[in-house]
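Per TrEMBL, the features are as follows:
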- 42-69: transmembrane segment (TRANSMEM)
- 81-106: transmembrane segment (TRANSMEM)
- 126-146: transmembrane segment (TRANSMEM)
- 166-186: transmembrane segment (TRANSMEM)
- 192-213: transmembrane segment (TRANSMEM)
- 220-237: transmembrane segment (TRANSMEM)
- 264-283: transmembrane segment (TRANSMEM)
- 295-313: transmembrane segment (TRANSMEM)
- 788-809: transmembrane segment (TRANSMEM)
Amino acid sequence: MLFGFLPTILFSIWGISKLLESYRVEGWGRLFGTLLYLSNTYILLLIDGGQITLALAYSLFPGAVYYFNNSLSSQSLRPKLILTLVLLGISVFDLRIFLLLAIVFILKAVFDFLVSDSKLHLLKNLVITASVASLFVISAHLYWLVPALVARGNILPEALRNAGGAELFSFANLGHSIFLISPHWYKNIFGQATPILPEFALIPLLVFLAPIVKRKDRQIAFWLTVALLGIFLAKGVNPPLGEIYTFLFSKVPGFSFFRDPTKFFFLIVLAYSVLFGFTIEALSKRLVKYPKLRVLFLLLMAGYLLFLIRPVWLDKMTGTFSKPIYLKEYLKLANEISSDKAFSRTFWIPTVAPLGFVSENHPALDAYQLLSKRPFAIGVSGSYELFNYLRADYMGQLFDVSGIGYIVYPYPDVRRTDLKPDNVDYYHWFLNTLAKQPWVIPADVDSSVPVLTTSGHQDKFFVPSNTWLVVGSDDVYSTLNKIGGFKLSENALVFSESQVAGARIAEKENFTGIIFNRKESTDLAANLLENGFIFPARNLKDSPDDTGWWKRDGSDVVNWRNFLQEKYGLDNLDFDYGGGWAVAEGPKELKVESNLITKNNIVLARVMKSSLGGKIDFYQRGSLIGSVNTSQNRQNSKTKEYEKADFLWVEIGRLISESPIDIKTQGKLEVINTIAVITEKQWRRALDNTDSLLSKNEVISLNNKAVSLPEIFNPSQEPSLSYKRINPTDYEVRVTGIKKPTLLVYSTSYDPLWRMEGEESISIYSLLNGFPIEKDGVYKVAFSPQKYVNRALIVSLLAVSLLLVSLFLTRTKKKLL
């Protein structure tokens, strides 16, 4: 921490001082501008929260602006090279800040161009600066850019492409932005925004006094623009005009990196520091004739800045600026877990503690992290108590295959939380309930950092005896868990509907059997299709548009279920093929356009059937091409008090033209997942392949029937396994005792880029990586993009070396030819 804290201070002083000096802000103005940059609530919370890389990027931010200004005004190559080096450092610490700088640079270039008397020279310097910086920075990052771009087309996580994420992280309001108050000041509790503190009002007052005390200054006009832009963007989707941020987040390339809008405090802090320096210098000069009053003013300003950050020197902070709590307990925990030489993961509730033990042999997971993984998210009941998924009846089975050996639930940090009796009671109740789960070994829970041990867990690699293809949702976990003696670790589950054409593996892989979970053979046949899918939800918004239709992403399973349960008394856990749900409440119409729509092709639709459904009609040019009855009788199958709804594939009819498909709904609630447009030959092939699969595999139907077939799920082979870690992306696994085709499971988050002998992995349990094996042998499991790293790394090192050599050669002033 010390090695991160000191460079942050030194680089910040260097950068902001150079920038203020370039604007001829001297003496007290420069000092107080620097103090504001170093002692505002934003940077203090970054350091207190341990976000050192972000703090280091913050420290280089003003230096980058300074050298960009020099690069535009000078023909010398040296400032451009220094700027490139600073930009490279920022991009290494946090790439998002590199994008923030781009905003400042573009604004600066536009401002200078509008007022420049030598526009040609400015454009020339701008082009050279951009070319030099881009060449070196991109080349320096090729060691990861090349693998990322070659391995997959879209390297952006779904969370960063979902505009709803910006709403979740928009904690700051307009007042926080204007008053320069970090929304989590000072306790740094995620999601709990601090109220607007009136004592901060003097900061914006002095900042926006700058254009008054120093009139007609172009630099002040520029930094006022930056400040106002930062203020508007830092509030995220909050009013006023929050829809603008939503639009930018969804449509502007790169903007989705700012799911947390508080990163725009970088713009506010830098602009405020410069303007604050201007104001203090001007006021200080006006008080020169009154030395005592001047000294009093400066002392009051220094005291005011110290007063604003009083939680730091009053020891009220909750992170690195304060003494750690439960230190002895965390040391004891570290000794206990580190003494266990077997591999296992440690599960933390709610998040990994700052002093939490983590090692290569005992990596950490946390409750929030697993909430983003579907098998765990479907265990959530309601939307208020998110961690109740830990009490789901099948959770011990998932913890087993996930390799979780320890559960740590520290007593809440009393510095951050105003604990009420109800909070304390809930903590102890939740802890005791968890400790009494059948898959948890009883333990002493009186410690401030209690550690629970699971009754068993799998190693990093394991081999299940059986492999099942599941057609239907993953609520099958709960059903199978009720079978006496059933072990998930002995029965790998491959969910055919977890992705488009997910069951294609059934044509080339060997399965113990096929499990139908409230699905029919038509659903399996449709999943065997390789293309032709249209997802209406992809052209809809999160709230109803002019047509009355709206969408919900399938990844947002908790809120989707909560909507169905609370408003309609329904429940559904089906996969969405990655395409989302198109929702119509009441009679609605929707036009679906696609270049896949071809005359005479067959149309299928995957729709939700429930007691609240009615009928969905499909038209072309006013002619009915087919209908589907989406109403089903109320069933006895319920999840608690909620009635089950099901998504099923239905053949609609044939297209009569290439015109758009018009959809008309009649039920109280209608939901469409996807429409498939295929040739008759494609559909016939899918049906034939389905018949073939059903004829050669054991078939189990869970459609409203209790299952009592433990012998089918029992281990049929007991292979032995050992593995060698070559590096974090490369393993050598030896398997013996294989009697029939099965899977080698690698218990890390599923990613198709994990390969075994060149073959990509299969999603197991919609969570882990699996690789088909048929015989004993030594298998090489590797992360495929890694093979591109070494060659690209050579280019990156050469680029950095060339940059440093160029800086050395241009240490004396030179002019470009």
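Placed from the backbone N, Cα and C atoms, the Cβ positions cover glycine too.
Across the candidate stretches 42-69, 192-213, 220-237, 295-313, the maximum count of CB pairs under 8 A to the transmembrane segment (264-283) is reached by 220-237. Here the transmembrane segment (81-106) lies next to the transmembrane segment (788-809) in space: the count of CB pairs under 8 Å, restricted to residues six or more apart, reaches at least 3. Stretch with the most C-beta contacts under 8 angstroms to the transmembrane segment (42-69), considering only 126-146, 166-186, 192-213, 788-809: 166-186. Each of 166-186, 192-213, 788-809 was scored by its Cβ pairs under 8 Å to the transmembrane segment (126-146), and the highest score goes to 788-809. Within its own chain, the transmembrane segment (788-809) is flanked in space by residues 77-78, 81-82, 84-85, 88, 135-136, 139-147, 150-151, which lie at least six positions past its ends and keep a Cβ under 8 Å from the stretch.
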